[in-house]
Amino acid sequence: MTNIRKSHPLIKIINQSFIDLPAPSNISSWWNFGSLLGICLALQIVTGLFLAMHYTSDTDTAFNSVSHMCRDVNYGWVLRYLHANGASMFFICLYLHVGRGIYYGSYMFKETWNMGVILLFAVMATAFLGYVLPWGQMSFWGATVITNLLSAIPYVGTDLVAWIWGGFAVDKATLTRFFAFHFLLPFIIAALVMVHLLFLHETGSNNPTGIPSNMDMIPFHPYYTIKDILGLFVMILVLSSLVMFSPDMLGDPDNYTPANPLSTPPHIKPEWYFLFAYAILRSIPNKLGGVLALVFSILVLFIFPLLHTSKQRSMAFRPFSQCLFWLLIANLLTLTWIGGQPVEQPYIIIGQLASILYFLIIIVIMPLTSLMENHLMKW
């Protein structure tokens, strides 16, 4: 008699995706982040659902409803901080996942990679919408500043901003629609994740060597399920430590002040995970130019497969490319630091140089270095 997991129409799909899935025998812990991202998404949906039961999307009561959750709801503070810091964990895993994809050449699975970049955009949009909901000072002014950037679009910009706001300023209509979209988007993300996995299982996983591993595969369960559970425990440890000991470490103190349209905070800045893009936006003294640079800082990921000039897929055996990769990481950390600083010298010039270097490394220096390495291998 055939095992039920291999014959049942529904369980069969799960079996082929998570149990009997052939996986390369040499994938390292850098391949753990896909499963961690799935767990982060599930955590965000569950905690978000319970928070939505107590939240009111009205400008008069939104701030107080969040306060009420933390004070009066049983373990409401745990839900709230799990959700807020869960978003930070989500982005840490996302950036590590993308970084691994760049380092090991996983972007050569074009459909999977492009789907992943679309997912990144969707998660960033969801996080931005969620940051507006507590209706603190930084929520209100962040929403005002970021949505206002759309007015840089020629001809339709001003109308588009008024349309998104639902009026002539960020107000009740804006908050209500932001809540509606923030609730909806995670389910769209979950559907996109299914497509992402569908494309991945068409080709199979990449591995650290970048060499096809069809002749050396092992079943996903128990080998990689156990390995993923270890990663999960590490993430739970980090997240629970954050939530229990310093839940506000990654937040902004300004968001504990109710939104006031008549008082602008001294430094308007987004959450830490957007600071690198915010620094690129601010480094260009022209509104439209800044918006384009901001969008292209993420869109540039789409062209990675086109910029791959090396004969080797992975960077594992390419020391010069490795140096450039870590230079890019250092550059991104510099941009993240600059994004949180006031707009004054020397931060302005550092931000401008780091922004130029960011695009230069990806579009020019990395492809040229790969070509040079191809020639070195002939010797």
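Using N, Cα and C of the backbone, Cβ positions are placed for all residues, glycine too.
So that you can see what the record holds, here are the features copied from Swiss-Prot:
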- 33-53: transmembrane segment (TRANSMEM)
- 77-98: transmembrane segment (TRANSMEM)
- H83, H182: heme b b562 binding site (BINDING)
- H97, H196: heme b b566 binding site (BINDING)
- 113-133: transmembrane segment (TRANSMEM)
- 178-198: transmembrane segment (TRANSMEM)
- H201: ubiquinone binding site (BINDING)
- 226-246: transmembrane segment (TRANSMEM)
- 288-308: transmembrane segment (TRANSMEM)
- 320-340: transmembrane segment (TRANSMEM)
- 347-367: transmembrane segment (TRANSMEM)
| field | For H83 (heme b b562 binding site), nearby residues of its own chain (Cβ under 8 Å, 6 or more apart in sequence) | value | Q44, T47, G48, L51
| field | the transmembrane segment (347-367) touching the transmembrane segment (226-246) per 3+ Cβ pairs under 8 Å rule | value | no
| note | Counting Cβ pairs closer than 8 Å to the transmembrane segment (347-367), the top stretch among 77-98, 288-308, 320-340 is 320-340
| note | Same-chain residues at least 6 beyond the ends of the transmembrane segment (77-98) with a Cβ under 8 Å from one of its Cβ atoms are 30, 33-34, 36-37, 40-41, 43-44, 47-48, 50-51, 66, 69-71, 116, 120, 123, 127, 130, 235, 238-239, 242-243, 247, 250-251, 271-273, 301
| query | Whole-number Å distance between the CA of H201 (ubiquinone binding site) and the CA of H97 (heme b b566 binding site)? | reply | 17
| query | Distance between H196 (heme b b566 binding site) and H182 (heme b b562 binding site) at the Cα atoms, whole Å? | reply | 21
| Intrachain residues whose Cβ lies under 8 Å of the transmembrane segment (113-133), provided they are six or more past its termini | 55, 57, 62, 66, 87, 90-91, 94, 97-98, 101, 106-107, 139-140, 142-143, 146, 174-175, 178-179, 181-182, 185-186, 188-189, 192-193, 195-196, 199, 270-271, 273-274, 298, 301-302, 304-305
| Can you check what DSSP calls H83 (heme b b562 binding site), collapsed to helix, strand or coil? | helix
| message | I want to check the contact list for H97 (heme b b566 binding site): same chain, sequence separation of six or more, C-beta distance under 8 angstroms. What comes out? | response | F33, G34, L37, G116
| task | Determine the Cβ neighbour count for H196 (heme b b566 binding site): the number of other Cβ atoms within 10 Å of its Cβ. | result | 21
| Sequence-distant neighbours of H182 (heme b b562 binding site) in its chain (C-beta under 8 A, six or more apart) | G48, T126, L129, G130, L133
| task | For H201 (ubiquinone binding site), just count the other CB atoms lying within 10 A of its CB, please. | result | 14
